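Undergrad: So that we are looking at the same thing, I have put the structure below in structure tokens.
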Number of protein chains: 2
Amino acid sequence: MTSPTVSGLGEAGILQVLHRRFRTVPAAQDWPEGSLGPGDDAAVVPAPDGRFVISTDAMAQDRDFRLVWPSGAVDSGYSTGWKAAAQNLSDINAMGARASSLLLALTMPGHTPVRWLDRFAAGIAGAVHHLGADTCRIAGGDLGGDDRITVCVTVTGDLDGRPAVRRTIPRDHQGGTGPLDLALCGKAGWAAAGLSVLQTPRTDLDRALDRTGIHRLAARAAAAQLRPRPILTAGPTAAEHGALAMLDVSDGLARDAARLAAANGLDVELDEDWVEQAAAGLAPLASALGEDAADWVRTGGEDYGLLAVFSGGAPLPPGFTRVGRLVAPGGTSQSLNPARARIGWDHFGG
Amino acid sequence: MTSPTVSGLGEAGILQVLHRRFRTVPAAQDWPEGSLGPGDDAAVVPAPDGRFVISTDAMAQDRDFRLVWPSGAVDSGYSTGWKAAAQNLSDINAMGARASSLLLALTMPGHTPVRWLDRFAAGIAGAVHHLGADTCRIAGGDLGGDDRITVCVTVTGDLDGRPAVRRTIPRDHQGGTGPLDLALCGKAGWAAAGLSVLQTPRTDLDRALDRTGIHRLAARAAAAQLRPRPILTAGPTAAEHGALAMLDVSDGLARDAARLAAANGLDVELDEDWVEQAAAGLAPLASALGEDAADWVRTGGEDYGLLAVFSGGAPLPPGFTRVGRLVAPGGTSQSLNPARARIGWDHFGG
């Protein structure tokens, strides 16, 4: 017996599957008068302070996500849905905002199993729920056919009257003396470790894990790659605690910290003690796979931690750890030169 | 000599190409204080009346657009960019709103020619400019690699304090007696005619056109398919003139009119005289290609005309033509039964 596919459902049936899953997150129906959820040509989303934050991200099958991994891991669809939602929610968080709506444009082959679609939708709803995006409503989307699956999620957010926290430090804070603290809320290196686990061929992986007995650590790392957990309270909290600039770590700490520094004409010094400490928890896994845990921490992307700049020596908001400093260019011996490290991800290798 | 590809540019170079083209449309820099254009984790878009309209659409290569057509027509990329922007601008228009921002998520192979990227970006900017979306700013986007090109455009809009015009007639207008007028602003059937032209193998097409001498009509139809021209003043104008419900015609007049009727528990009667009249201009082309022009008008999608419902007999806003009526169910002999006609497009054939 073959499993049912989306081509058997037609668009109306596909929408039913999506709506059933999305019912577990707050419905757009309880938005204020004048707003409008899915089902029309477009949604109408509240923007109480007269502005909204907006971000969009596309994920392509076998590029940004896989249905089956060399390790033998199979994604039911849940992780793909989760990650698509999480990375966009992270972008909104990184502006200091909270999510207000999510839109989904999904293209997929007719032979896509209905079960995949159901788990995918459950993953989106799961991320919204479990990451605590309580004010995020599913506002609509678009369906199309294609030879492979492509997921494009757009998320909007509210700043609640605060200014957006940008990559660049506001002018009235610039020119101050002394270094600035670079702080991180969230993990670093775990998603990269998970990628290593997932990409290791099954027999090699089984051998490595059986030898070392670290199955649970490997599973945690794989989960970090498949279902990243940006801390969505961190953005608004950091904004309220005077964060001067922010960026979410999607392409690796070294690369994203260097970006944040460069946007302000500064250099970055990562705290190597912190790197070693962060790497310690991953060291057994790195050793089992013949990799370098500190390298994962410095250059691994997709953890969606929140990187924020604070005035030097200021108390950090809860959940943040000091991971380095931004200093005047011309650097010191400690500064990490991103051109020399293996730095994060460029989709086009430039 | 091979032409330069996007993999040679890297992400920074790709963004430069996009930004250079997008400079021809109004920049986000002239948005009010507190707003924010591209370059950060997310954009911040003004929403002066405390709400915004939002719509997203994905287009996949060889499904929703082609680089090369059986007719021999080649899209430099301009038409793909134009159409991606136009269909989303149309969705905003169909709510009675004017566009405020556009975001682009683009996945493409590394071997994509830089020239394609440049023309694609020019097409987006061209649609925004030539369709008169004067208040639409390019707010940001996302880049990714893939084996083929996928384009996902998200557009937001402003209602300027008006209620959104939905598919469903507001409750305080329901229960009125007498039929409602169904009116269209824009073309019907031209994009379908263009699809026929573009999909006819070159030698057959040349023979048919040389015999009939209607090259210019065929070119106009192809242009309607490749670069649709929704009339973006129509939505806000219809809203101000008391449109009770609206929908843009993306999937064909019969199908979309039936949707509009069904959303209100009504039946649709298309005015067959109007259909014949609208078909007349396409008749020579239909005859040359062995097709039925009235069928194009009734069932052809992608013209992005605006279908609006008005109180029966009320004067129509400029640009609108009466194309039928919505009547109480139980219909008459004139009513078009969409189940019997070859109705428009379902991506999953359901």
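Every residue, even glycine, has its Cβ placed from backbone N, Cα and C.
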Undergrad: From the candidates A:Asp91, A:Asp118, A:Asp172, A:Asp181, give the one listed by TrEMBL for the same Mg(2+) 3 site as A:Asp41, A:Asp248.
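TA: So, going by the record in TrEMBL, that would be A:Asp91.
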Undergrad: Can you check which residues sit near A:Arg166 (ATP binding site), meaning Cβ under 8 Å from its Cβ, same chain, 6 or more apart in sequence, and list them in order?
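TA: Once residues fewer than 6 apart are set aside, A:Arg166 (ATP binding site) is near A:Met95, A:Ala245, A:Met246.
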Undergrad: Where's the emptiest Cβ shell within 10 Å among the binding-site residues A:Asp41, A:Asp57, A:Asp91, A:Asp142, A:Glu302?
TA: A:Asp142
Undergrad: Going by C-alpha distance, which of the binding-site residues A:Asp57, A:Asp91, A:Asp142 is nearest to A:Ser250 (ATP binding site)?
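TA: Going through A:Asp57, A:Asp91, A:Asp142 one by one, the Cα closest to that of A:Ser250 (ATP binding site) is A:Asp91.
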Undergrad: If I take the Cα of A:Asp64 (substrate binding site) as reference, which of the binding-site residues A:Ser55, A:Thr56, A:Asp91, A:Asp142, A:Asp248 has the closest Cα?
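TA: Going through A:Ser55, A:Thr56, A:Asp91, A:Asp142, A:Asp248 one by one, the Cα closest to that of A:Asp64 (substrate binding site) is A:Thr56.
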Undergrad: Just give me the nearest neighbour of A:Asp57 (Mg(2+) 1 binding site) among the binding-site residues A:Asp41, A:Asp91, A:Asp248, A:Asp251, A:Glu302, Cα to Cα.
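TA: It is A:Asp91, whose Cα lies nearest.
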Undergrad: Under DSSP, is A:Ser55 (Mg(2+) 4 binding site) helix, strand or coil?
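TA: Strand, per DSSP.
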Undergrad: Pull out the binding-site residues from the set A:Asp41, A:Asp91, A:Gly141, A:Asp248 whose C-alpha sits within 10 Å of the C-alpha of A:Ser55 (Mg(2+) 4 binding site).
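TA: So the list is A:Asp91.
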Undergrad: In Å, rounded, how far does the Cα of A:Asp251 (Mg(2+) 5 binding site) sit from the Cα of A:Gly141 (ATP binding site)?
TA: 27
